[in-house]
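Presented below is the structure to which this report refers.
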Amino acid sequence: MSQAATTEQPVGTPEPVLSVGDLAISYTSRGRRTAAVQGVAFSVGPGETVALVGESGSGKTTTAHAIVGLLPGSAHRDAGAIVLGETDIAGWSQRRLATIRGRHVGFVPQDPGVALNPVQRIGVQVAEPLRIHGLAGRAEADARALEILAQAGLDDPEAVALRYPHELSGGQRQRVLIGIALACDPQLIIADEPTSALDVTVQKVVLDHLQERTREAGASVLLITHDLGVAADRADRIIVMQGGRIVEEGPAARVLEAPEHEYTRRLVAAAPSLQSRRLSATPGTRLPEALSDAVVLELAGIARRYVSRAGGRTREVVAAHDVNLSVRAGRTTALVGASGSGKTTVARIASRLVEPDAGRVLLGGRDITTATGADLRELRRGLQLVYQDPFGSLDPRMRILDTVAAPLRAYRVGDRASRARTAAGLLERVQLPADLHRRLPAELSGGQRQRVAIARALALNPKVLILDEPVSALDVSVQEQLLQLLTDLQAELGLGYLFITHDLAVVRQIADEVAVMNRGEVVEAGTVADLFEHPHDPYTVELLAAIPGRGIASSAATG
Amino acid sequence: MIRFLFRRAAQGAFVLWAAFTASFVLLFLLPSDPVLTMLGADGQGANVDPVEVAALRTEYGFDQPVWLQYLSRLGAALRGDFGHSMSTGAPVTTEIAAALPATGLLALIAVCLAVVIAAGIAIAATSTSHGWLRRFLLALPPLGVAIPTFWLALVLLQIFSFRLGLLPAFGAEGWTSLVLPAITLALPVSASMAQVFASSLDATWGSPFVQTARAKGARRPRLLTRHVLRNAISPALTVAGVTLGAVLAGSVVTESVYGRPGLGRLAEQAVAAQDIPVVQGIVVLAAAIFVIANLGVDVLQARIDPRLLSGGAR
């Protein structure tokens, strides 16, 4: 876990807890066989934390699932040994593997939001592994469950034990899941992207907790992550996977500071970290002659409350309180905050999808707060949205070209042929090849879909784009390409961006000004450089401290 | 929970009122004259004593304006009085009460049978590791949905009563006479339940929390009973509530084919004889059964899934 352990525990410790040898796994779908993992070999020593790093499709999750036999029915292990302690469990039946799972290998799943049984009380779910492996009777298991919940750092374990998963926050749920994984004192914990679904600040707390608890228990950890920063902070050794193969392996510090493989170098360079600079437009980008930096979007004194009626009680939530914000042409204002901070509400108010209780929204100097009907419709042309989830924001049955042309159709711009030409031009602008025009969203990658969403947002020549977490769902290398695209488009078209994100690292790459929101209020605002170098508000300081991968910052900067 | 029940009960009351009103509008505004029909002389006005006709009109209130008829009937219905049968003269409530037990028993057995068949097929199909068995079992429900009730009833009669002589073909004597009608009613209903339940089970097996439970070391039987079933049952319950209507509708055909007394039979005869009060009573009763069944389903679902009571968060 610690930096010291790296030197004490050289690669290939005599008796590893887990050693995987020459593992090959393929998936069969519609009679076609695709190799997912090939020739993967590595080991995890006692008390060691090993990070398996890679982007989607690298085979890291398949490898992790294969170890405990959690692969879906379409997957097949073609070759390889999986030695746990001294036993090769590679050929074991599901029935036999069940005796290992939970008992000798604990598993922390990816998304705590859906990883707990929604209709079963927390206490029962925590006690379950003890009951399954016959380590405790009913009463004893219940008592142990309370201890586990207490160790998980949850206040009032008795009350938590009686709750249902939906009554806990994401961070609390992940603590419960870590407690479940550790319930039977396993020698090995496999954590499959344990914090990708959580906010940065929560991510830090949960990872600290995982580190602390596994160290106490003396368990080894195999940490699956796409985030090189997380790997750098938490792992003794890093294994980098690409296309189903291991491309590089070594002590964490060495891999990050002196990556040997070309792919690792690219990953390190793409990792958003404290040292990333504001991206500049790609050389050769056509710049408009006169660049004005007039304020194009302004929010003044925005306030909004929500009243929720849950279980007969009325609760008032302040989603926004006296929020002031401005976006300049050709510039990016970032709005940063954790989930529930109110940043999405502000974005919705800015786009007039939600009515503010107080305050004004000015678009290009015009007060649009009270615009309705045809006026509002006309004003909306100047302000377009790009959402976080490129899977949900595109019509799954509409072809790409039609999707991009849809706003033109809605505003009756030109005729059919000219709309198709404009849409094709937009797709070219976001660097999507013409052979994708007739495709459906399901046939595109996440990054390509987000490009389509951007092209669609540009169709009506807006002045302002509201980008709601546009890159959070994407792999780092794709994320970097997309941020570069946004930067180029901004320079070319003089667009103002309101960039909503929970990730401060991204802010540094794309934004000029930044506002930090917490519980509905802007706690700090200013230029990006000021905020990063002299944060004033304790919440900003906390956010900055939570960015993973501070260790790799210096090496990335020189790269 | 109380608030939830109250809201659902209010919705139920509205459905009952709507059923009453719709049946009133449809039945009382029919072009034919119920009094003439009653005298068995529809279309042959010459043979009927006009005095008698007028007396009957007054007795049933047909001489009043429509809206007054509606209000007085609604008022009476609220007190549990649906008037008298025009064929037998007995109170509608008595007629229905006499027919209800036979149909109630039949429907109960049919629903239980349907649930058992549906659960059996769905669980077996989603649990088996043999692809062919799964495909075979999942092919059954669409077939079951496609089969018309009357055809199924006739085929069952042919085989079990006439060919094999195992079960009685007609009547309502003893338990054996219930077997064929119950199967006839249950099969189509179980088919739609099985379809929904099987796809819900499949989806639940693939959900992340089932993987969490597998990672704890749980084996398939435990996964099924502790984790999958309770999460998968909700859609099947909804269908079960709705299919109760199908059971009632099916009882009309089933009871006619098997010559059993009951609500379905009563409805069929009442419609044929244009016995308006009886038809209306049955419509309102059917609506009431529907409302109560769905209220029961809602309460059950709230018991199963705690998220439903907390304002639907997540």
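Cβ coordinates come from backbone N, Cα and C, glycine included.
Beyond the ends of the transmembrane segment (B:12-30), by six or more residues, the same chain brings 66, 69-70, 73-74, 77, 274, 276, 279-280, 283-284, 286-288, 290-292, 294-295 to within a C-beta distance below 8 angstroms of the stretch. Taken from TrEMBL, the feature transmembrane segment covers B:12-30 (among others).
Under the heading transmembrane segment, TrEMBL lists B:96-124 (among others). Among residues of the same chain six or more beyond the transmembrane segment (B:96-124), those with a C-beta under 8 A of the stretch's C-beta atoms are 133, 137, 140-141, 172, 178, 181-183, 185-187, 189-191, 193-194, 197-198, 201, 224, 236, 240, 243-244, 247-248, 250-251, 254-255, 260-266, 278, 281-282, 285.
Look at TrEMBL and you will find B:100-301 tagged as domain 'ABC transmembrane type-1'.
Sequence-remote contacts of a segment are chain residues at least 6 beyond its ends whose Cβ falls under 8 Å from one of its Cβ atoms, and for the transmembrane segment (B:136-160) they are 121, 124-125, 128, 166-167, 169, 179-181, 183-185, 187-188, 190-192, 194-195, 198, 250, 253-254, 257-258. The feature transmembrane segment is assigned by TrEMBL to B:136-160 (among others).
TrEMBL lists B:166-187 (among others) with the feature transmembrane segment.
Residues or ranges marked as transmembrane segment by TrEMBL: B:236-258 (among others). If one looks beyond the transmembrane segment (B:236-258) by at least 6 residues along the same chain, the residues whose Cβ comes under 8 Å of a Cβ in the stretch are 103, 106-107, 110-111, 114-115, 118, 122, 149-150, 153-154, 157, 169-171, 177, 180-181, 184-185, 188-189, 192-193, 196-197, 200, 264-265, 267-268, 286, 289-290, 293-294, 296-297, 300-301, 304.
Taken from TrEMBL, the feature transmembrane segment applies to B:278-297 (among others). Here the transmembrane segment (B:278-297) has Cβ contacts under 8 Å with residues 5, 8-9, 12, 15-16, 18-20, 22-24, 27, 77, 82, 85-87, 92-93, 95-96, 100, 237-238, 240-242, 244-245, 248, 263, 266-267, 270-271 of the same chain, all six or more residues outside its ends.
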Discussion item. For the transmembrane segment (B:166-187), give me same-chain residues lying six or more residues beyond its boundaries with a C-beta closer than 8 angstroms to one of its C-beta atoms, as numbers and ranges.
Written reply: 102, 105-107, 109-111, 113-114, 117, 144, 147, 149, 152-153, 156-157, 160, 247, 250-251, 254-255, 257-262
